[in-house]
Amino acid sequence: MEADNRQIYGVLAEFRNPKELVDAAESVKNSGYSDFDTYAPFPIHGMEKAMGVKKSPLGWIVLSGALIGMVGALALMVWVMGYEYPMNISGKPFINIPIYVPITFELTVLLAAFAATFGMIGLNKLPRFNNPLFNVERFEKASDDGFFVCIEASDDLFAEEKAEKLFRSNGATHIETVYDSE
Amino acid sequence: MSTDYQYESKPALIKGDHSFGSITDMIAKTPLSPTPKLWYLAFGLSNVLLIILLGAIGYLVWDGTGIWGLNNPAGWGWAIINFVWWVGIGHAGTLISAILFLFRQGWRTAINRFAEAMTIFAVMCAGIFPAIHVGRIWVIYWVFPIPNQMAAWPNFSSPLLWDVFAVSTYFTVSLLFWYVGLIPDLATLRDKAKSKIAKISYGIAALGWTGSFRNWWHYEKAYMILAGLATPLVLSVHTIVSFDFAVSVIPGWHSTIFPPYFVAGAIYSGFAMVLTLMLIARKIYKLEDIMNIDIMEKMNLVMMVTGNLVAFAYLMEGFIAWYSGYIYEQGIFWLYVVGPYAWGFWILMFCNVITPQFLWFKKIRRNVGLTFVISIIVNIGMWFERFMIAVASLSTDFMPSSWDYFSPTFWDIITYIGTFGLFFTFFLLFLRFLPMVAIAEVKGVMPQADPHNYDEDSKEFDASKTEPVMVQQEQTV
């Protein structure tokens, strides 16, 4: 058979609505799986508990971006205005911290926003050129009105039949094995 | 004694009987279907205006700022008015996308994508003006702290330089925020698209988004952080724009009320612009279920509040002028009212003080036609506000001997009109090729999206669960 030459990526099951998806995710987690994910067209309230997802470290990435922006802006202005190119403007002090506040604020926000955007993309391992899930035709619904769970073959407990049984007992409307692309 | 409280259920955010699928179809249909003829007509007109803008800028670069109506006391004219006006319009987008997000206002999802796009294009229009106003645009890079051949550095204590940082940061952060919001919807378009070119282009832009919850988890955090960053940013941008005026010593400019007053005015004009665009778009693209009357009423309420804040600021300016005992401040206020630009002042009073009072009436707030008219009047009024601040204060300063009357030239006018070409060219491209409503976010605020609204046993959606549980109050004396 053709399928034998291909690597199994995981087992994908479709559910009817967000409620069923959350319940299915909870039972997958309780069965001891760790390499699984749920797919929905919008983030579902309470899914983090059902799946046992850890807190996102993104806040720390943003904080470091913000600090680089803040310290960098202050350092630049103090160096330029105090040492590199001092300008006497109406007799005001060369190093004049209150006057640096607006630009320091702007650069702090700017670098924090870059850290938030690219940090999020990085943590999600995007951009990604291909994903075995895209081999499944009905997976197109995941961005429309489909609710999916996928147990991945990389999990130690993974066995095709066992995963299918678990999904069936949770009322999956459709179950399909996902193969890696050749 | 006890009072009987009646629970009044909130009106649904999305009208009509919609499922997740029908929401996708309603919004994704526009970018994926053939271009309507009317779009070509509108796009052609916008392109003509855009070419006029480019021509006006070209002549300005060739001949210098002397082609504008600037004169000796009034060194700032229409260019600065237009700059402040366009930046102000942009503020509504960030308010809707960031501040209303932090306040958990579900109704923002109907208009946030649309308003954010408006922000980005309005800031582009705004940014042109100070850039071409410097006269020698080929050395505009001197405003950035880049090592240059003269070993000179910008003056970081100048509010004009703060403005460079504020507006460029504002533009960049708005763009990032907008793009982050677009990623899941681009994935929807990728999955819905039939043509190969569309599939590939949306696919690249969507970065391979699958809707995995582990991705949503970081995504939601990023979205919240960006909203948290954009909130102080939007308040800071117009504050810094107002510093351009307030930090100088010109009477009528040197005032501590400027930052809050500018921010309120910005939100006021921005909501007016969103309403103008929304009322047209919802009709043409048949999005009345999403951009419905309830949402229009809420936006009218925001306009009423900010409009009255602005009106209060005008009163306060007059009061402070009198109370300060400073004759130049009193003089300039008097000159606003009866001086050479009194016509501008009274247009301003009509547009920004009288017009928002109509919004006290629920009937008017819920009337599409009247709201449209009011939104246009507000935008005109806010333009005149900046006209009074920039021109009237400058051209009648301390010494009557140096006064001169400012009138715009042909080039002032067509440069301003031309920016509408730039704005609408981009806006029409946005309407044509991108989802104009945040699909994923609209689905997220539907009652069907919350697992708590489902029956525990049958796992079917149960509408009665969306209402809060009624608690019988005990009789107490």
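Backbone N, Cα and C atoms are what each Cβ position is placed from, and that goes for glycine too.
Curation does not apply to TrEMBL; its annotations are automatic.
Residues or ranges marked as compositional bias 'Basic and acidic residues' in TrEMBL: B:452-465. For B:451-477, the entry in TrEMBL reads region 'Disordered'. Under the heading transmembrane segment, TrEMBL lists B:38-62, B:74-103, B:115-144, B:164-187, B:222-241, B:261-280, B:301-323, B:343-361, B:368-393, B:413-434.
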> Which one of these stretches, B:38-62, B:164-187, B:368-393, has the most C-beta pairs shorter than 8 Å to the transmembrane segment (B:413-434)?
Replying inline: B:38-62
>> With contact taken as 3 or more Cβ pairs under 8 angstroms (pairs 6 or more apart in sequence), are the transmembrane segment (B:74-103) and the transmembrane segment (B:115-144) in contact?
In response: yes
>> DSSP-wise, what's the residue breakdown of the compositional bias 'Basic and acidic residues' (B:452-465) into helix, strand and coil?
In response: 5 helix, 2 strand, 7 coil
>> Can you tell me which recorded stretch out of B:38-62, B:164-187, B:261-280, B:301-323, B:368-393 has the most Cβ pairs within less than 8 Å of the transmembrane segment (B:222-241)?
In response: B:164-187
> Cβ pairs under 8 Å with the transmembrane segment (B:261-280): which stretch of B:115-144, B:301-323, B:343-361, B:368-393 has the most?
Replying inline: B:368-393
> Do the transmembrane segment (B:115-144) and the transmembrane segment (B:38-62) share at least 3 Cβ pairs closer than 8 Å, excluding pairs fewer than 6 residues apart in sequence?
Replying inline: yes
>> Given a Cβ distance threshold of under 8 angstroms, which distant residues of the chain, six or more beyond its ends, lie next to the transmembrane segment (B:368-393)?
In response: 74, 76-77, 80-81, 84-85, 88-89, 245, 250-253, 265, 268-269, 271-273, 275-276, 279, 293, 296, 300, 303, 307, 310, 332, 335-336, 339-341, 344-345, 347-348, 350-352, 355-356, 358-359, 406
>> Counting only residues 6 or more past its boundaries, what in the same chain has a CB within less than 8 Å of a CB in the transmembrane segment (B:301-323)?
In response: 255, 257, 260-261, 264-265, 267-268, 271-272, 275, 329-330, 332-333, 348-349, 352-353, 355-356, 359-360, 365, 374-375, 378, 385
